[in-house]
Structures are given as structure tokens and as C-alpha cells.
Amino acid sequence: MRGGGNMQQMMKQMQKMQKKMAEEQEKLKDEKVEGSAGGGMVKVVVTGHKEVVDVVIDEEAVDPDDVEMLQDLVLAATNEAMNKADELTSERLGKHTKGLNIPGM
């Protein structure tokens, strides 16, 4: 049974890594990132779990004759916030998977 100890050690390391990643995932739900558009006239805040928790629209961004512009600004700010949430997740979880070749991490 050569190598059995190595396999057990590897399994322990994997369990430890899974625990740390689960802890990081839990922390991410409380982390917030902000995306903005229109020079900050529209701001969207999301958690690390990509839950939108706040939308702030400056009065200057509201033009009843150009609703489409406001929609575009909200969309752009939301996409930016979601991308920042992805980056935060990759950064936080990536430190636990360094050196491993795991697709999508």
C-alpha cells in the first residue's frame, strides 16, 4: 500500500481548502462592490454573491423624454458591478486554488 499516506494527506488538504473556500464564499455575501455609469449619475451596489442591494439615480439622470438613456445607464452600472463581483470572487477564491488546474477558477 505505497502512497496511501500521500493520498490521505492530499484528501486532508482538499478538505481544508474546501472549508476555506466555503468560509470565503460566506464572507462574499457581505462584501459589496459598486458599479457606476454616466459619470456617477447612476450607481448600482451588489454583493459578492451578485445580489443587487442598492440602486442610486441622480435626479439629473432622469429625463422623461429620454427614458432609454436612463435604462442604458442602469444596465451599464449593473454590468460593471457584476463584473467587479466576479473579480472579487476570483481574487478571494483564487488564493486558495493557486497551483491547481481547476477549470473556471
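Positions of Cβ are set from backbone N, Cα and C atoms, glycine also.
Annotated in Swiss-Prot:
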| type | residues | note |
| --- | --- | --- |
| REGION | 1-36 | region 'Disordered' |
| COMPBIAS | 7-16 | compositional bias 'Low complexity' |
| COMPBIAS | 20-34 | compositional bias 'Basic and acidic residues' |
At a C-beta cut-off of under 8 Å, are there same-chain residues at least 6 beyond the compositional bias 'Basic and acidic residues' (20-34) that contact it? List them, or none. 43-49, 51, 53, 81, 84-85, 88-89, 92-93, 96-97
Let me spell it out: take the region 'Disordered' (1-36), skip the flanking residues so only those 6+ beyond its ends count, and list any with a Cβ under 8 Å from a Cβ in it. 42-49, 51, 53, 76-85, 88-89, 92-93, 96-97
Looking only at the compositional bias 'Basic and acidic residues' (20-34), what are its DSSP counts of helix, strand and coil residues? 9 helix, 3 strand, 3 coil
If you run through the compositional bias 'Low complexity' (7-16) with DSSP, how many residues end up as helix, strand and coil? 10 helix, 0 strand, 0 coil
